[in-house]
Each structure stands twice: as structure tokens, then as C-alpha cells.
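Now, the feature entries from Swiss-Prot:
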- 14-24: compositional bias 'Low complexity' (COMPBIAS)
- Arg7: citrulline (MOD_RES)
- Ser84: phosphoserine (MOD_RES)
- 14-58: region 'Disordered' (REGION)
- 96-120: region 'Disordered' (REGION)
Amino acid sequence: MSAALLRRGLELLGAPEAPGAAPGHTKPSQAPMKRTRKAKATQAQKLRNSAKGKVPKSALAEFRKKERRGYLGVNLRFMTSARSTVDESVTRQIMRQNRGRKACDRPVTKTKKKKKAEGTVFTEEDFQKFQREYFGS
């Protein structure tokens with residue numbers, strides 16, 4: 001069990017710390033420095049194993065250099081050089097068949113609402129009768 005785990009367990013249980021350890025004064029871990037030292041040593045070993053006077057190229061760096069290269073021109077040349085050998089009438093027929101199939105190609109048909117004839121349910125006689133009853137004339 002590591003010292004850090006043991007310390008955490010003791011903190012959780014609330015047991016008193018060891019008498020020699022001062023609170024908050026822990027020695028910084030040597031792991032990051034050790035890791036960088038080890039990485040430098042392995043890199044130096046790799047350089048030593050190469051041919052005399054030659055520096056080995058990083059495969060990742062080479063890939064990144066080539067990755068930046070644009071393939072637009074190459075692709076355009078390829079597309080323009082490979083001409084279609086299909087007859088134009090066949091392509092027109094295919095285009096005509098495909099044109100109406102998708103929903104986005106179909107025009108939206110708007111249904112116009114029929115206007116109802118604005119008329120009244122009451123007749124002229126009913127209005128006159130109402131007027132006489134309401135206004136008293």
C-alpha cells in the first residue's frame with residue numbers, strides 16, 4: 001500500500017498522524033522529473049543507434065508535413081481527365097427520373113380556402129321587426 005493511500009485512510013478514520021510527520025510539509029514527488037529524464041535518455045539512445053552523422057526523422061513530423069499539402073489540384077485534374085462515356089440522352093433520362101422523386105424537388109401546392117359567401121341568416125323582414133321591437137319606432 002502506498003504512503004498516500006495510507007495517509008488518506010488515516011485522515012478518513014481520524015487517527016492521529018505519525019509524530020515525525022509535520023502537517024503540510026510533504027516532499028514534492030520526483031515522478032515528473034524522473035519521467036522527463038527517462039524520456040531524454042531513451043531519445044539519446046535512439047540517436048546513438050542511428051547511422052553516423054544522420055539524424056533520424058520523426059515519422060509523425062513527416063506525416064504532418066505531407067498532411068498540410070492540399071490535394072485540390074490533384075483531385076481536379078483527375079476529375080477533369082476522367083470523362084464520362086455515357087450517352088447524353090441516357091444522362092438526361094436519369095436526371096428526369098430523379099428530379100421528381102425527392103420532396104424538395106416538388107413544388108408546394110397551396111390550397112386556397114374557398115371564401116364563403118357573406119350572407120346573413122336573417123331576412124330584411126326580421127331586421128325591421130327587430131328594429132321596431134328594440135327602438136320602438
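Every residue gets a Cβ built from N, Cα and C, even glycine.
Counting Cβ atoms from all protein chains shown, Arg7 (citrulline) has 14 others lying within 10 Å of its own Cβ. Mapped onto DSSP helix, strand and coil, the region 'Disordered' (96-120) counts 7 helix, 0 strand, 18 coil.
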